[in-house]
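Residues annotated as transmembrane segment in TrEMBL: 6-24, 107-128, 134-155, 167-190, 196-216, 260-281, 293-314, 335-355, 361-381, 393-416, 428-453, 832-851. What TrEMBL lists as domain 'Major facilitator superfamily (MFS) profile' is 13-452. Summarising the annotation, TrEMBL assigns region 'Disordered' to 39-60.
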Amino acid sequence: MKAPPVRFWIGVMIFMTTFTNYMMRSNMSVSIISMVDRKSSNRTPPCKRGENTTVTQKKASSDEVMEEKFVWDESEVGNILAAYFWGYLTTCIAGGILSELLGPFHVIMWTSLASAILTGLTPLSTLGGSAGVIANRFVIGMLGGVAYPAVNVLIAKWAPPVEKGKFLAAMMGNTLGTVVTFNLVGWVTAMCGWAWGFYCLVIFMAVYCIVFFILVTDTPEKSRWTSEAERKYIADSQEGHVSKKKAVPPYLKMFKSIPFWALCTAQFGNLWGLNLILTYAPKFMAETLGFNIKASAGLAALPYLARLICSQIFGIIGDRMRKKNVMSVTKIRKFFIIFSHFIPAACMILIRIAGCQHEGVIVLLVMNQGFNGAVVVSHLINSQDLTPNFAGSCYGIMNTIGMTTGMFVPVISGALNIKYNNELIASTIIYMIGGIVFAGIEYVFGICGFPVIELSMALQTAGIHYIGMRNEQAACYAAQAIGYLTGVPGGVLVVSGPGLLHVCAGMANAQVNCWPVLVIGGSCPQDHEGIGGFQECYQVELARPYCKYAARPPSLSLIPQHVEKAVRLATYGRPGAVYLDFPGNLLQARTTVDQIPTQYTSPEIPLAFPEPRRIEEAVALLARAQNPLVIVGKGAAYARAEPEVRDLIDSTNLPFLATPMGKGVVPDTHHNSIQPARSLALQRADVVLLLGARLNWILHFGRPPRYRSDVKVIQIDITAEELHNSVKSSVAIQSDLKPAVAQLAEGLKMRGFVFDRRSDWWTDLNKKIEDNKKKVEEMALDISEPLNYYAVFHHLQQVLPQNPIIVSEGANTMDIGRSILMNDLPRHRLDAGTFGTMGVGLGFAIAAALYCRHFQPEKRVICVEGDSAFGFSGMEIETMVRYKLPVVIVVVNNSGIYGGLPEDVYNDLQDSGEVTKVTPPTSLSVSTRYENMMNLFGRKGFYCTSISELQNAVKEALKVTDGPSIINVIISPSADRKPQTFSWLTESKL
């Protein structure tokens, strides 16, 4: 029979390390029952039972050991039980660091030995009263705190990636440690006295330390027992995952990582419930259910036995799912959070309902811990996924946060004498929050008021980011922008009546832009409808024209179903807006947990693939084109199709231009970008390939005189209804962009197609590009005052940080800025979009700043506003200040809409008569000092009339990282665009 590999024995010792760690941790939970003089209390167990039940209580034996007992109150007992966790908390992070620098062997070996010695000294510590025991337990906790981070380092060094589930399952030795300790210490203390409950563990620990010293080494390379073949297998499997070099953990990146904080939150929720049951299970059995110490210890151990067995099963299942690539590693972790967090939470709710039904309570406790065994393949292993080189430090930090629960759960429960039902229901909430946050981060924007105030607070309680805005329109603009940037619908929470009316503009914008957003509206109570209720409004009917789905759930139990459908429809196919209506009486209603279904989760968005024959037709048409042109729309950005589109352009040498928010899918600085020759390219192209773009007003409908009358269009769109709109496409392909573009590029490569850079088409395009660049350059280099648009944007570009997210709105400000301010990355430009909406700027900027904070903290947001556009949502700067969002707002101020008036002309008109009859409709106040709005918040704004002032202001504003800045740039009221080949919205006269 072949001997097991050495890593098997390493797994066994990991099991024994966590086994002994929990012996040191949990022995006091049993011993304390015998140490405290309970005869001084007249308390009767609330669930004292009769003799006619299946599980019987045992009376204390007549030969019970007589020894000293201590008169400690509940608060002192709580402090003794919590002291271990106080010490444990102080060394978790240090344990990870020391193990990574010195190696896990020495850290585990010597701290285990010291723990054993101090445990043997526990009876002696009672000479100092409860304070002496607390001090002793505190130091033991410090020694125990290093164990789990050290074990994670040991796993990172020894475990092949596909076996990590089994190694993590070995960490469930803690559950057997609890089982053995509860029974062993319970029996020993009853037979020999409480002091022997500590002495017996010292003997066990001594044997463990000897075996550990012989078998374990830091790495396979240091082990004299490991074969060369096993060393090579481990090294090869870890290549690219684990570094052999010692390095300082990247703490800053960890603390800025959303997945890291999700991991910490999941561990916090997990350990709240675990520490509660670990600490109070024996006490609960004895003092609530009324069992004596032997029965309490045995019954309290059953849940942990279930946890041990189930963790091994879950570990095997998780490893097999990873080996067979059933789903991604991330999805495996999120899938098992259902078992490790949500089902245990449900068990706690049922325990509360079960009350004093002893058998039912015990079964539910067993189920609670059995399903919690799934932690080995949900969040516990996630530190190995996120950073295998620093798994110890990562685990140390997350365990430090999680173990804070061990500090205050016993103290709070003891000091306040909380009933066990309340302890369990509180744990349910924490379990649920841990699971929700681990599953993903969400954002809701809104203005709270009747009847949604409580809902807004509940959202934050559930770990959702709630951003209170100053206007419902801006809230909806922000929510749809976060949906575009993340691919997950943003939420909008609005009040009834006028609140929903205000948000309709945003819903329409999201619908036309094809961005996912979920609007949640409170409404008039149903029994007030038709009789003049407060803010009564037919809200579902009002919202329906502006969204893909609008509904009012008829009951509490159906809310999950409607939410799932709304989120699904917001993201499936062409994304858009959805609306859910909640009348006041529904928001205030109550129901029992068992009546709310929990199976409603949106399946993964299905991927639509193109018809092969359509791809072949498109390849053939492009291959014979004389003047081909690729147009990249914002649909390509939303689809995350930038790798495929860039590969297509690079491999074929085709010229391309981008729609405003399609910029960056292929960098603006790419040598195939023909943006400066846009009009010529559209007018003379014989084959146009549309990638996520629509032939609407932005692309002049695909008609003459902006296009050739015989132009052939290849259109790829996710929505069949969009195909052939405006003009009939020669090849129409319904598909997701990623697979369609990938297949198109592959088909052209197989033909050996590369468009000749020396062709007449490229020659004409390059000549036009150079001509237009010269014209723009002349205006850009003219820095005479008052400034012009081109000079402002050209010199602004010079001082911007690398690849900022640019938000822009206005008339000339947006149009001219689009051609000069470069985007080399996708989803880095947000503007008025397909609906041409003004007022979106600051809402978009808030969403972009939140996105940067949580996903790309090194990135900045630059919001370039015309002075007219800024007026739509200017007070949202208060929102930016409140949430510390570092947005640089540049107001390009020409004192008007399109253009304003010189100061002397404006003043003359003000004095000439009735101002409403003589002031031009496009005129605004001259050189308004918008930057002074920052003074309202004790911050500094910048007023600029020259290029040097502008560039200095931008540099200063970029230094501000805890709030917004306003740079007010005064330009000529008559500044305009360079002469255009066609006037705006030119089309054929039909």
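Note: Cβ is positioned from N, Cα and C throughout, glycine not excepted.
In TrEMBL, annotation is done automatically, which means it is predicted and not curated.
Under the criterion of 3 or more C-beta pairs below 8 Å, with sequence separation of 6 or more, the transmembrane segment (361-381) and the transmembrane segment (167-190) qualify as touching. Taking Cβ pairs closer than 8 Å, the transmembrane segment (134-155) reaches residues 10, 14, 17-18, 21, 24-25, 28, 79-80, 83-96, 98-100, 103-105, 107-108, 111-112, 114-115, 118-119, 121-122, 125, 128, 164, 167-168, 171, 216, 218, 383-384, 391-396, 399, 403 in its own chain, all 6 or more past its ends.
Stretch with the largest number of CB pairs closer than 8 A to the transmembrane segment (107-128), among 6-24, 167-190, 196-216, 335-355, 832-851: 196-216. Residues belonging to the domain 'Major facilitator superfamily (MFS) profile' (13-452) score a mean pLDDT of 72 in the model. Only residues 6 or more beyond the boundaries of the transmembrane segment (6-24), in the same chain, are considered here, and those with a CB under 8 A from a CB of the stretch are 84, 108, 112, 115-116, 119, 140, 143-144, 147-148, 151, 154-155, 158-159, 163, 166-167, 170-178, 180-181, 201, 204-205, 208, 211-212, 215-216, 220, 223, 225-227, 230, 234.
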